[in-house]
Every structure is written in structure tokens, then in C-alpha cells.
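Enquirer: The structure is given below, and queries will be raised subsequently.
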Amino acid sequence: MNAAQLDHTAKVLAEMLTFKQPSDAVLSAYFREHKKLGRQDRHEIAETAFAALRHYQKISTALRRPHAQPRKAALAALVLGRSTNISQIKDLLDEEETEFLGNLKARKTEFSDGLNTAAELPQWLVEQLQQHWSEEEILAFGRSINQPAPLDIRVNTLKGKRDKVLPLLQAESADAEATPYSSWGIRLKNKIALNKHELFLDGTLEVQDEGSQLLALLVGAKRGEIIVDFCAGAGGKTLAVGAQMANKGRIYAFDIAEKRLANLRPRMTRAGLTNIHSERISSEHDTRIARLAGKADRVLVDAPCSGLGTLRRNPDLKYRQSAETVANLLEQQHSILDAASKLVKPQGRLVYATCSVLPEENELQVERFLSEHPEFELVNCAELLQSLKIDLDTGKYLRLNSGEHQTDGFFAAVLQRKD
């Protein structure tokens, strides 16, 4: 890192470490304002800024109010998160900064003794996880989500097949491999400019984590069916389900945010999908939903959640969430699941999913629903995946984690309405 890159990184961190906005939004805005920054400059700034987020517990232990000392925070990120030797950056340092970094390295044992600094998790999240997990499990989780995520993509089966696309990517020197569980997925170890790639532009490829692809597979949509994606967002799973149906049948993609649905529409066109009807709703109680009561073959509820399974990609999220925000989400999830269940026809399927690792948002939410809705029963996810020839057994629920499965953290329960 050179002096100019360090100055830019410090300016980014001054804003990013207030945690008032998503970190990727802060970074994107900064790069828009500084259009002359080259590709290597952007890489150095982004990697160091995200290293600061991933090692924020240690940095905030060593620095009071890191956002007010962003240059030191950037230097600490280089040493703690990017394996930079102090000697490599000595020309950038004044005497005080040299002493600060020396003291930082000397505190290695102290950092490993505290669970929050060793796992790089804020105290509120450590306390939440301690209700369910051992210290070893918390530490393993913290370490697994403190690694950068690879780029997973899905082959759109309307336009291509994985066994044809994978060799093309490998021939282009992309470090590409087939995902182990999803038959649609390809994992890129080295990120490429996918949004400019011919196979992305023509709709053959979509960015989608393998865990998210598995949720679509659990929906199990068939041609000619009526499907509801209750919280569609920008539509990654909607598109996967649409391809699964080969454009036959009808998908209703609902969301409360018009902006998210607006992002879905060009993706539908690019993917060649014509069986998706997207519609903004005011809430889960919107009267427009009622017309589908008891008519849907399958309903997917990808519920609003804490997002704590996505911390590899969004390391700032653990500082923008709290025990209070999680508590507020629980009632919202319960209400949405209750409303969505009314759309499922007899023998129809209801899939409840989150990208959270917290049992309160996952298993406990499903258990509460089943206690209130005896007309539904749980379908064993392990058996369902086995029937799809997917060699993955996480028990009656789908539970994915970054350390074991190399996906984002996902949870899913498959429920079926009785006759």
C-alpha cells in the first residue's frame, strides 16, 4: 500500500466505522466520487477497509473510537488482516504509528484470551450465541465468517448446462469448480468481472450462493404449478425457481420494496423468464394476497432476518444489528409465516428460510408455527435432499454454515399442509 492509497482508505474508514450505512454502499459512493482511482487502487482500498471490519474487535480494543482515528485503523487492518509486516510499510509511518503497531502485535496473546476478540464478534452476539453454542462452536463460527467468500454462480438451465459452461470458464483461467451440492452451481475462487462476461450478459449465468440455490431446490417447483415467493427481494431464488419450472406455470413474486422488485425485472428479461408476475405489497396482510388463498402449490418465505449467515460478505452487519433489532424481527417473521401459510393448498409445500444462524429466527420460529398450525407437518430435509440425489444431511432442517459447507449460513424448514 502506498501513501495515497492509505489516505483514501482512512477517508473510507472514517465513514464506514460509524456503521450508519452498509459498508459496500459507503465504498461504492466513495469510488463514484473518486473516478480517477485505478483498479489496483480500488482493490487495495477495499481489501484494507474490509480487513478493518473483519478485525474490528481487536482494532477497537487497541483504539478508542476507531472511526475518529481512521488512519491508525487502516494501518492496524494491514497488520492484523492482510499479513503486512511493519517493515514493509515503515516509510508510511511516523514514530507514534510505529510504536502503535508494535504494541498491537505484542497484544496477540491478550486478543486470543477474550472470546469476542478471538472470534471477532461483538459482545451482544457472543451473548446471544452463548445461549445455544459452546465456546468452541462460537470460536469456529467467528473464524469461518472472517474469511472472504468465493463467488458462487448458477447456470440458468433455460440457456445452458453446467457441464458445458464449466470448461469454458476453466479455459479462461478462472479458478472454477462445480459446487458440491447444487447441480446448477459453479464456484469461482478468483473473482472475475462477471457483470461484463458474455455468459452473464446473455442470461446463462447468475450470481447466487450455493446455499441459496439449495433453497430453490427444496421448493421443488414443477412445470404448470402456482408458486409464491413471499419475500422475493431482488429475486435470486425467484429466477432459480422459474428456470426449474422451464417457464411453465406461474410465479408470484411479492415484496414490500418497489426498488428491489425493479432490480428483479431486468434480471427476468436477461434470464429469458416470462412466467414471473412481480408485485409490490404493503405488508403481509395486503388484500391483493388474499386472492391466492389455498391456491398455491408451493410458497417460499425467505424471511426478513438478521442476515448473520452472510457475515463473510457483510462483516459490518454484526455491528449494525443488535439484540433489540433481532427481537423486533422475530415477531415480523412469525406474522409473515402465518400469513404465507394461508396461501398453501392441501398437500402443498411451505418453505421457511433465513440467512441467519440464530435458533430464535430458525428452529424456534418453526416450532412455534407448528404448535399454532396443526394442519401443517414437517418434511425431513435430509430425506428430501436424498431424493434429489444431493449428498447432504443436516437433519430434519437444512442448516448450512460457512466453515463446514463453504456457503453462507442458511436455514430452511420444509412444511406440508395436510389434506
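In case you wondered, yes, glycine gets a Cβ from its N, Cα and C as well.
Annotation source TrEMBL lists domain 'SAM-dependent MTase RsmB/NOP-type' at 141-418. According to TrEMBL, the feature S-adenosyl-L-methionine binding site maps to ASP255, ASP302. Look at TrEMBL and you will find CYS355 tagged as active site, nucleophile.
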Enquirer: Sorry to bug you, but what's the C-alpha spacing from ASP255 (S-adenosyl-L-methionine binding site) to the residue listed as 'active site, nucleophile', rounded to the closest Å?
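Expert: Cα-Cα, rounded: 17 Å.
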Enquirer: Express the predicted model's confidence over the domain 'SAM-dependent MTase RsmB/NOP-type' (141-418) as a mean pLDDT, rounded to an integer.
Expert: 94
Enquirer: Under a three-state reading of DSSP, tell me whether CYS355 (active site, nucleophile) is helix, strand or coil.
Expert: coil
Enquirer: Give the sequence-ordered list of residues that share a chain with ASP302 (S-adenosyl-L-methionine binding site), lie 6 or more positions from it, and have CB atoms under 8 Å from its CB.
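Expert: Result: LEU215, ASP229, PHE230, CYS231, ALA232, GLY233, LYS237, ALA353, THR354.
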